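What follows is a short report on a single structure.
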Amino acid sequence: MNDGAPFRKLSIIGGGAWGAALGNLAANNGVETTIWAREPEVAALINKRHENAVFLPGVKLNPALKATPALEDAGGGEAFLLVAPVQHSRAVMKALRPHARPDAPVALCSKGIEQSTGMFLSAVVAEVWPEAVPAVLSGPSFARDVAQGLPTAVTLACADEALAARWIATIGAPHFRLYYTDDVIGAEIGGAVKNVLAIAAGVVEGKGLGESAKAALIARGFAEFQRLGVALGARRETLAGLSGLGDLILTATSKQSRNMSLGFELGRGRSLHEVLAGRNNVSEGVETAPAVADIARRLGVETPICAAVADLVAGERSVDGLIADLLSRPFRAERE
Ligand SMILES: NC(=O)c1ccc[n+]([C@@H]2O[C@H](COP(=O)([O-])OP(=O)(O)OC[C@H]3O[C@@H](n4cnc5c(N)ncnc54)[C@H](O)[C@@H]3O)[C@@H](O)[C@H]2O)c1
Ligand SMILES: O=P(O)(O)OC[C@H](O)CO
């Protein structure tokens with residue numbers, strides 16, 4: 001692909017760990033960058049201490065990075081990175097729209113499915129901000145690793161290759177490598193479903209079921225999201241790439257993942273309510289699990305692991321009962 005020019009002025013909508021890490025990348029590239037942070041104290045900490053001490057403590061950010069708690073003050077970007085939790089993204093986009101260029105490029109960096117509608121974020125954008133041109137940024141990348149300059153590679157999906165080149169110039173870096181695809185839905189599916197499977201992987205670890213069980217879960221989980229992905233029109237190469245298998249491996253095997261560590265606590269016998277009450281950050285898999293189970297049911301695709309996670313977070317079944325069910329499924333051919 002040809003090189004693109006970076007955007008001159010970027011707005012980042014969402015002041016959590018990921019918004020801060022992405023803002024830092026853009027500011028390091030000389031892009032005038034403003035983060036909208038919902039919490040005024042987060043905006044103040046970024047402006048005064050150059051640190052998001054609430055969601056990404058201990059990491060120094062580029063002093064040129066600015067933040068505001070007023071959404072209208074974040075509307076002036078030439079382009080937008082959307083990094084709010086998925087369940088709040090529709091409301092935030094609606095509120096932002098009157099203050100922003102209607103045809104602005106928007107890169108979707110959050111990972112999940114809107115539970116109330118079963119929609120991926122590209123479909124939500126098409127509804128509430130129809131002139132905006134969407135891209136999807138997804139792949140194995142912990143905000144802390146990226147903000148500390150550790151090597152990372154992710155997928156940037158956009159139907160418009162020239163626009164993708166501009167995104168890559170805006171946030172890319174030698175330690176943050178972006179690989180281009182035009183398979184937007186493929187990139188979205190990986191990021192959403194891996195969070196659900198990471199909860200299951202955490203349960204396996206929390207229950208002490210062993211490394212072999214974990215590997216089996218990842219491989220059979222990958223089979224689920226391939227079946228679902230293909231049914232939704234994704235390409236297999238995307239599902240097997242950074243935004244799919246790559247992110248599944250990272251998230252399902254590291255306790256740095258909020259989804260995996262949440263599953264771990266559930267496996268240890270704590271209730272979802274207890275686990276969530278002790279956290280200020282987002283675990284997208286909790287709301288995405290029922291959405292995945294619904295979509296799969298509607299499409300007639302079998303996703304037993306995702307369905308088990310949906311039942312678990314709904315409080316409808318016990319961990320032990322769900323494990324017993326999964327282990328007593330009939331033997332079958334691996335390709336199915
Ligand atoms: N943290 C990572 O390593 C990472 C990496 C890649 C993608 N992501 C994705 O980025 C998205 C944001 O995650 P994060 O890690 O930056 O968040 P976080 O867990 O660090 O912080 C929670 C965020 O949710 C916001 N929030 C809470 N209630 C809200 C509401 N009602 N309306 C709008 N915003 C609200 C908070 O302001 C805060 O910005 C998620 O979809 C996540 O899956 C995160
Ligand atoms: O901490 P998690 O589980 O939200 O995962 C963060 C990133 O999505 C990993 O790629």
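Placement of Cβ uses the backbone N, Cα and C atoms for every residue, glycine included.
For K194 (active site, proton acceptor), the count of additional Cβ atoms within 10 Å of its Cβ stands at 33 [all protein chains shown]. If you look up TrEMBL, you'll see K194 marked as active site, proton acceptor.
In the three-state DSSP reading, G19 (NAD(+) binding site) counts as helix. TrEMBL lists G14, G15, G16, A17, W18, G19, A143, R258 with the feature NAD(+) binding site.
Look at G139 (sn-glycerol 3-phosphate binding site): DSSP puts it in coil. Residues within less than 8 Å, Cβ to Cβ, of G139 (sn-glycerol 3-phosphate binding site) and separated from it by at least 6 positions along the same chain comprise T152, A153, V154, T155, Y179, G190, G191, L242, S243, G246, D247. The feature sn-glycerol 3-phosphate binding site is assigned by TrEMBL to K111, G139, S141, K194, D247, S257, R258, N259.
Residues or ranges marked as domain 'Glycerol-3-phosphate dehydrogenase NAD-dependent N-terminal' in TrEMBL: 10-163.
The domain 'Glycerol-3-phosphate dehydrogenase NAD-dependent C-terminal' annotation in TrEMBL covers 183-322. As a whole-number mean, the pLDDT of the domain 'Glycerol-3-phosphate dehydrogenase NAD-dependent C-terminal' (183-322) in this prediction is 97.
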Distant-in-sequence Cβ neighbours of S257 (sn-glycerol 3-phosphate binding site), under 8 Å, six or more positions away: F142, A198, G202, L250, T251
Neighbourhood of ligand 2 - binding-site residues from W18, D247, R258 with Cβ under 6 Å: D247, R258
Entries of G15, K111, K194, S257, R258, N259 (recorded positions) sitting next to ligand 1, with Cβ under 6 Å as the cut-off: G15, K111
Binding-site residues listed as K111, R258, least Cβ neighbours within 10 Å: R258
Cβ contacts of G14 (NAD(+) binding site) (under 8 Å, same chain, 6 or more positions away): I35, W36, A37, R38, L81, L82, V83, A84, P85, V92, C109, S110
Helix, strand and coil totals (DSSP H, G, I; E, B; other) for the domain 'Glycerol-3-phosphate dehydrogenase NAD-dependent C-terminal' (183-322): 105 helix, 0 strand, 35 coil
